[in-house]
Amino acid sequence: MSKPVKAAVMGTGSWGTAFGMVLADAGCEVTLWARRPELAEAVNSTRTNPDYLPGVELPENLRATPDPAEAAHGADFTVLAIPSQTLRGNLAEWTPLLAPGTVLVSLMKGVELGSAMRMSEVIDDVAKVGSDRIAVVTGPNLAREIAARMPAAAVVACTDEAVAQRLQAASHTPYFRPYTETDVVGCELGGAVKNVIGLAVGIADGMGLGDNAKGSLITRGLAETARLGVRLGADPLTFAGLAGLGDLVATCSSPLSRNHTFGTNLGKGMTLQETIAVTKQTAEGVKSCESVLDLARRHGVDMPITETVVGIVHEGKPPVVALKELMSRSAKPERR
Ligand SMILES: NC(=O)c1ccc[n+]([C@@H]2O[C@H](COP(=O)([O-])OP(=O)(O)OC[C@H]3O[C@@H](n4cnc5c(N)ncnc54)[C@H](O)[C@@H]3O)[C@@H](O)[C@H]2O)c1
Ligand SMILES: O=P(O)(O)OC[C@H](O)CO
């Protein structure tokens, strides 16, 4: 009999825990790394994650530890499930602990502030493992729904298709259907920019702008995502898939999305500080809107919705003023 696949999941938040559950349900032996020892203890003693996924019973073949070396030991896959802006520092500490040959798997949907790097680029920069040992999981995957074992499809991307296939096999369950991809750039940009568009749609919902506005923002949001992606070498068709349209639709329609909810609160008139205070989990778009805009400017790509979100979130622009500016941009053809 072959040995079970071992997976370390670095991060015991909502998605780290839910994806750890997927891997365990698919037959992997899973160890979660939890930053706080008391959370690791609670996971092991109650078989739940009371802080992030209360009420969800976790499988027996999943355990938690506060020791990153213990989590990483012998792992075939080392899954990174922490906020994007904390990746560089954490991975620098974990790199000496990584199992030889382990595949580093990013669950993160962000772009690094300052460097404007995608998460796979940060991973390569820090761990120096090469693109064939870096994979990305993305798509319409709201953690709460996956944790309830509700059906979802996803994309597992790696420049080496055989590695993507290994990860696909390690995470395929009756409720979680991963498709392979080799367009890592497109998959990562789809995930990072949809959080920014999710904020924009949330703001519009909070302002009561209606469903035509929502449909328009989703579609024009996807257009600017694809524009950036193509400039960076992505396949435009990736944005019509699960990592693009699929994730955008789930995020922009669900009250479970932290980015959408964050935007809705701003659109209803809460201040940024009030909105941050009621947001308990990571809403990546709040920081990544600035790094996505930075990336777009470095490559001369126009991203008006992203620019509008930055104006509202970081420059104190009132949403009504931002809306007026967005609607009064010069007329142009839909495709150019
Ligand atoms: N929740 C979802 O539905 C979902 C789905 C797909 C992708 N994602 C992406 O996954 C990533 C993680 O999101 P999440 O939902 O698990 O977030 P979360 O807020 O639920 O959990 C974040 C985890 O990171 C840890 N953490 C926070 N700051 C840290 C630091 N400085 N150093 C080390 N660890 C730290 C927290 O303790 C927690 O375990 C994000 O990039 C998010 O966009 C989330
Ligand atoms: O809760 P959000 O806004 O971070 O979205 C979660 C997932 O990325 C949806 O696929």
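The backbone N, Cα and C atoms fix where each Cβ goes, glycine too.
Note: TrEMBL annotation is automatic and uncurated.
What TrEMBL says about this one:
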| type | residues | note |
| --- | --- | --- |
| DOMAIN | 6-163 | domain 'Glycerol-3-phosphate dehydrogenase NAD-dependent N-terminal' |
| BINDING | G11, T12, G13, S14, W15, G16, A143, R258 | NAD(+) binding site |
| BINDING | S14, W15, R35, R36, Y52, K109, A143, R258, E284 | NADPH binding site |
| BINDING | K109, G139, K194, D247, S257, R258, N259 | sn-glycerol 3-phosphate binding site |
| BINDING | K109, R258, N259 | substrate binding site |
| DOMAIN | 183-322 | domain 'Glycerol-3-phosphate dehydrogenase NAD-dependent C-terminal' |
| ACT_SITE | K194 | active site, proton acceptor |
Relative to ligand 1, which of the binding-site residues G13, K194, S257 have a Cβ found under 6 Å from one of its atoms?
G13
Those binding-site residues, out of G11, S14, G16, K109, R258, N259, that come within 10 angstroms of E284 (NADPH binding site) at the Cα:
K109, R258, N259
Let me know the model's mean pLDDT on the domain 'Glycerol-3-phosphate dehydrogenase NAD-dependent C-terminal' (183-322).
97
Out of R35, K109, R258, which of the binding-site residues is least crowded by other Cβ atoms within 10 Å?
R35
Does anything in the same chain, at least 6 positions from S257 (sn-glycerol 3-phosphate binding site), have a Cβ under 8 Å from its Cβ, and if so what?
L142, G198, G202, A250, T251
Check the Cα-Cα distances from K109 (sn-glycerol 3-phosphate binding site) to the binding-site residues G13, W15, R35 and tell me which is shortest.
W15
Can you tell which of the binding-site residues R35, Y52, K194, D247, N259 lies nearest to A143 (NAD(+) binding site) in space, using Cα positions?
Y52
If I take the Cα of G139 (sn-glycerol 3-phosphate binding site) as reference, which of the binding-site residues G13, S14, W15, R35, R258 has the closest Cα?
W15
Do any of the binding-site residues T12, R35, Y52, S257, N259 touch ligand 2, in the sense that the CB is under 6 Å from one of its atoms?
S257, N259
